[in-house]
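Q: Pasting a structure below so you can have a look.
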Amino acid sequence: MILFVAVALIALTAGKTACASGDELLLQLNKELLQSTEASGSLPNPSVHIALRLSTHHNLLKESQNLNQLKTKLHDDIQSSINDMKPVVGRLALYVLALKASCQDLSSFTLSVNEMSEPLLTHLKKELETEKRNIASKQRPKTNYYQYSLGILALCVSGVRVSSHISHKLIHAVQHGQIKHDVSLCIDSHAMAGMALQCLKDARTTVNNEAELNKALATIKKKLLESERADGHMGNEFSTGLAVQALLAMGSYVKEHANSVEAMRADARKGTYHNPMAISQILPALQQRSYLDLKSKDCHDEDDSLIWNVLPVQPEVQSNVLVHVHVEVVKATGLISDFLVDVPSGSSLLKALTLLQDQQIGFTFEKEESLWGPFLSRVNGEWARQSDRRYWKISSDGNALKEGMGDYKIDADQKITIKNIDY
Ligand code: B12
C-alpha cells in the first residue's frame with residue numbers, strides 16, 4: 001500500500017513538473033515583462049501593465065507600484081500632450097485599459113482641458129469625435145485606425161456607450177479597405193478593429209446596422225486567417241499576438257489559430273520577443289486571453305506567486321569584426337545621398353547611425369521616444385512624423401525592417417535605405 005501511494009505521488013509530481021516546464025516559457029516572458037517596469041528613464045508603458053494584469057501569475061506589489069507610475073508619469077505625459085493640442089487617443093485608450101485592468105474607478109480620474117476638469121472617459125469620447133470628423137472630411141483619422149479602434153475598445157470595455165456614428169466609421173473603413181499601411185501593419189490594425197467591434201457586438205450597442213457589423217467582423221476574421229504564413233505567423237512575428245487575441249475575442253476555434261500560437265512560442269524560444277512592447281502583445285494570446293477579458297476583470301483572489309528576481313542583463317558584446325554599412329538617404333524630393341560606415345558586427349542600427357553621425361560627414365539624425373523604443377523622426381534636417389503624415393521607412397537590402405532602429409542588429413555588410421515617404 002505504502003509503495004502504491006509513493007508511486008502515485010511520484011507520478012503526480014512528475015506530471016506537475018512536465019506541466020510546469022510547458023509553462024516555463026510563459027513564466028519567463030512574464031518575469032521579463034515585470035522586470036521591464038523597472039527600466040529607468042522611459043515612460044511607464046500601459047500596454048505592459050495590461051499584459052501583466054491579464055496574466056495568470058502576478059506580483060501584486062510590483063504591479064501596484066507600476067500602476068502608481070502610470071497614474072503619475074503617464075497621466076502627466078498625456079496631460080502635456082493635450083496642452084500642446086496633440087492627439088492622444090491611442091495612449092489615452094491604453095491608459096484607460098490599464099486602469100481597468102487594475103479595477104480602478106475610472107470616474108475618479110480627470111484631465112484638465114481648457115482649464116476645466118474633464119473625466120478621462122469624457123475626454124476619450126471627445127478625442128474620438130475629433131477623429132470621426134477628420135475621417136468624414138479627410139477619409140482618415142488624424143492618428144490611424146489602430147488608435148481609433150483602441151479608443152472604441154477602451155470605451156466599450158469600460159461600459160461606456162459608443163455612438164453609432166463613431167462605430168460606423170470603423171465598420172465602413174473595414175468594408176472599404178481603408179485600413180491600409182503595408183501588409184503587417186495592416187494586420188495589427190485589423191486585429192485591433194476586430195477586438196473593438198466584437199466588444200460592441202457583445203455589448204449589444206446600438207449600431208445603425210447590425211448586419212454591417214457582422215459583415216465587418218467576418219471580413220476581419222477572413223483577413224486575419226488568410227494572412228497566415230507557412231510558419232504559422234499572421235502578418236509577421238509582431239502582429240501575430242494581436243491577431244490571435246482578436247480571433248480569440250471573436251470566438252474562433254482553437255485549431256484555427258493553433259499554428260500561430262505555436263509560431264509565437266517558437267519565436268519566443270529563439271528570443272525574437274525581447275522588446276517589452278512585443279512581449280506585452282503576445283503574452284495574453286499565449287495564455288488564451290485578449291483585451292476583451294478586461295471587461296470582466298474583478299481583481300479578487302488573485303495569485304501572487306510571480307517572484308521578482310532581477311534577470312541577468314545580457315552584456316552587449318562588442319565584436320572585433322567590422323561590417324560595412326552603406327546608408328542611403330532618400331529625401332521627400334527624391335534627392336539621394338550616400339554614406340559609408342564600418343560598425344562592430346552585432347551593433348544596433350541606432351548605434352550604427354550614431355557612429356556615422358559622429359564622423360561629421362554630413363549625416364545627422366534625431367529620434368523620438370515611443371512605446372516601441374526610438375522612432376527615427378529627422379534625417380539630414382528633414383522631419384517625417386505623424387504630424388507631417390510622413391515617416392522615414394527603413395529597409396535593409398531592399399527589405400523593410402520588421403524592427404525599429406533600437407532593436408535591429410547589423411550582423412553583416414548591408415545597404416540601409418532610409419526613405420521619407422508619405423502615408
Ligand atoms: C500605425 C503604425 C505605424 C505608422 C505610425 C504613424 C501613424 N500615425 O499611422 C508608421 C507607418 C509611421 C509606422 C512606421 C514604422 N513601423 Co509601425 N506600426 C504601426 C502600428 C500598426 C500602430 C502604432 C500605434 O499607433 N500604436 C498606438 C500608440 C498609442 O502607441 P505609440 O507608441 O504612441 O505609437 C507611436 C509609435 O508606436 C510610432 N511607431 C509606429 N511604428 C513604430 C515602430 C517602431 C519600431 C517604433 C520605435 C515606433 C513606431 O508611431 C506611433 C504613432 O505615432 C504598430 C502595430 C503594433 N502592434 O503596435 C506598428 C509597429 C509598431 N510598427 C512596426 C515597424 C517595424 C515599423 C517601422 C520600423 C517599419 C519600417 N521598416 O520602416 C517604421 C518605423 C521607422 C522609424 N521611422 O523609426 C512594428 C514594430 C515591431 C518591432 N519589433 O519593433 C509594428 C509592431 C508592426 C509589425 N507588426 O511589424 N508604423
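Glycine residues also receive a Cβ, built from the backbone N, Cα and C atoms like all the rest.
Bear in mind that TrEMBL entries carry predicted annotations, made automatically and left uncurated.
According to TrEMBL, the protein has these features:
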type     : residues                                                               : note
BINDING  : Thr143, Asn144, Tyr145, Tyr146, Gln147, Asp188, Asn236, Gln281, Leu401 : cyanocob(III)alamin binding site
DISULFID : Cys156-Cys199                                                          : disulfide bond
DOMAIN   : 346-420                                                                : domain 'Transcobalamin-like C-terminal'
SIGNAL   : 1-19                                                                   : signal peptide
Q: Tell me, if you would, which residue among Thr143, Gln147, Asn236 (binding-site residues) has the fewest other CB atoms within 10 Å in the structure shown?
A: Asn236
Q: Roughly how many Å separate the Cα of Gln147 (cyanocob(III)alamin binding site) from that of Cys156 (disulfide bond), to the nearest whole number?
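A: It is 14 Å, counting Cα to Cα.
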Q: Taking the Cα atoms as reference points, how far is Thr143 (cyanocob(III)alamin binding site) from Cys156 (disulfide bond) in Å?
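A: Cα-Cα distance, Thr143 (cyanocob(III)alamin binding site) to Cys156 (disulfide bond): 20 Å.
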Q: Within 10 Å of each Cβ, count the other Cβ atoms and name the one among the recorded positions Cys156, Leu401 with the highest count.
A: Cys156
Q: Among the recorded positions Tyr145, Gln147, Cys199, Asn236, which have a Cβ atom lying under 6 Å from any atom of ligand 1?
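A: What lies within reach of ligand 1, judged by Cβ under 6 Å, is Gln147, Asn236.
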Q: Among Thr143, Asn144, Tyr145, Tyr146, Gln147, Asp188, Asn236, Gln281, Leu401, listed as contacts of cyanocob(III)alamin, what is the widest Cα spread in Å, to the nearest whole number?
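A: Comparing all Cα pairs, the maximum is 22 Å.
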Q: Using all protein chains in view, find how many other C-beta atoms are within 10 Å of the C-beta of Cys199 (disulfide bond).
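A: A 10 Å sphere around the Cβ of Cys199 (disulfide bond) contains 24 other Cβ atoms.
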Q: Give me the DSSP three-state residue breakdown of the domain 'Transcobalamin-like C-terminal' (346-420), ordered helix, strand, coil.
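A: Computed counts for the domain 'Transcobalamin-like C-terminal' (346-420) are 13 helix, 35 strand, 27 coil.
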Q: I need the CA-to-CA distance for Asn236 (cyanocob(III)alamin binding site) versus Cys199 (disulfide bond), whole Å please.
A: 25
Q: What's the CA to CA span in angstrom from Cys199 (disulfide bond) over to Tyr145 (cyanocob(III)alamin binding site)?
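A: So the alpha carbons of Cys199 (disulfide bond) and Tyr145 (cyanocob(III)alamin binding site) sit roughly 16 Å from each other.
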Q: Do me a favour and check the Cα-Cα span between Cys156 (disulfide bond) and Tyr145 (cyanocob(III)alamin binding site); whole Å is fine.
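A: If we compare the Cα positions of Cys156 (disulfide bond) and Tyr145 (cyanocob(III)alamin binding site), the gap is 16 Å.
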Q: Tell me, by DSSP, whether Thr143 (cyanocob(III)alamin binding site) is helix, strand or coil?
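A: SS state of Thr143 (cyanocob(III)alamin binding site) = coil.
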Q: Just how many other Cβ atoms lie inside 10 Å of the Cβ on Tyr145 (cyanocob(III)alamin binding site)?
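A: Other Cβ atoms within 10 Å of Tyr145 (cyanocob(III)alamin binding site): 25.
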